[in-house]
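Engineer: Sharing a structure with you now.
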Amino acid sequence: MDAPLNIVLYNVFSHHGPDLYGVEPMSYYLKNLILNWNVAAFLVPFAVPLSALNYICSWKASEEHKKWGIRELLALSGQSVLSLCSISAIHPSYWRHYSALFLLFASFSVWCLIFFSQPHKEERFLFPVYPLIALMAAVSLDSVERLTSRFLPSLSVISWGILSCFVLISMSRSYALHKNYSAHIEVGKHSVVLDAHNLISSVQVYKSLNEHLMDHQNKLDFSTRGDPLRVCVGKEWHRFPSSFFLPQMAVDSRSRKRGVHLYFLKSEFAGLLPKYYPQGKLPFITRRIPTEMNNMNQEEISR
């Protein structure tokens, strides 16, 4: 409970919190939604009105409905949309089956309202509602097809066209990200070369470094190396994907073991760097209050 509360207090109610990491206009999120969801982003706002209209049009009369003063449902064929929507004074329980979808859309709206209004914006802040975006877009498309199927049976072709367009644009987006933003991964494809002093002169910090340190046939010699072995990153430390790419332990040709840790070099970056989790036994280690932290994004030399 404390962690979510602290996140809200820091990002919403503090005077300096999120602004330290840059501010963006509201259009930042709109552009991100269009880039990541293309045609689906334009369908989301219509999910509630279209599905509500479809709900009314597909409603069937029952004895309970008659008690509310509706003798029979208007015949769907030959009726205008306005006449179908003229059923206004309906008992609230009429909407009980529709409430689940409405609550989902309300959750999406509240989330967007909170984060769109914050000065500091990051794409990852919208990740939790991505499943709802997919659902709302699907509901909109399905509602349009159901509403118009009585008049234009062949409209499903348009739905398939929209889906195909979404898939093609999404695939091109993924390809563009891989092609244009994979430089740090390509750099990691160089082989690892150890000189006469066992210093890593060309470091591959990803998968092959793991394999190199775990391969006993490489005849590594840790006699002059301290513990742990250090893999160092500079100002682009944030591009390092995960410590899962580093082995916990490396063994040389004489079975000497060394730990492998990631370390940060002093660089142009002057903000707060990540800190290793403290070592210890559970659950006591989770209760330890971290030290050398601050909420002003100020550099801690101890990193």
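Cβ coordinates come from backbone N, Cα and C, glycine included.
Grabbed the feature section from TrEMBL, which reads as follows:
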- 34-53: transmembrane segment (TRANSMEM)
- 73-91: transmembrane segment (TRANSMEM)
- 97-116: transmembrane segment (TRANSMEM)
- 125-144: transmembrane segment (TRANSMEM)
- 150-169: transmembrane segment (TRANSMEM)
Engineer: Check the transmembrane segment (34-53) against each of 97-116, 125-144, 150-169 and return whichever range has the most CB pairs under 8 Å.
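Structural biologist: Looking only at 97-116, 125-144, 150-169, the most contacts with the transmembrane segment (34-53) come from 125-144.
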Engineer: Report, as numbers and ranges, which residues of the same chain sit near the transmembrane segment (125-144): CB under 8 Å and 6 or more residues beyond its ends.
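Structural biologist: Counting only partners 6 or more residues beyond its ends, the transmembrane segment (125-144) has Cβ contacts under 8 Å with 29, 32-33, 36-37, 40-41, 43-44, 46-47, 50-51, 53-54, 101, 104-105, 107-108, 111-112, 115, 155, 159, 162-163.
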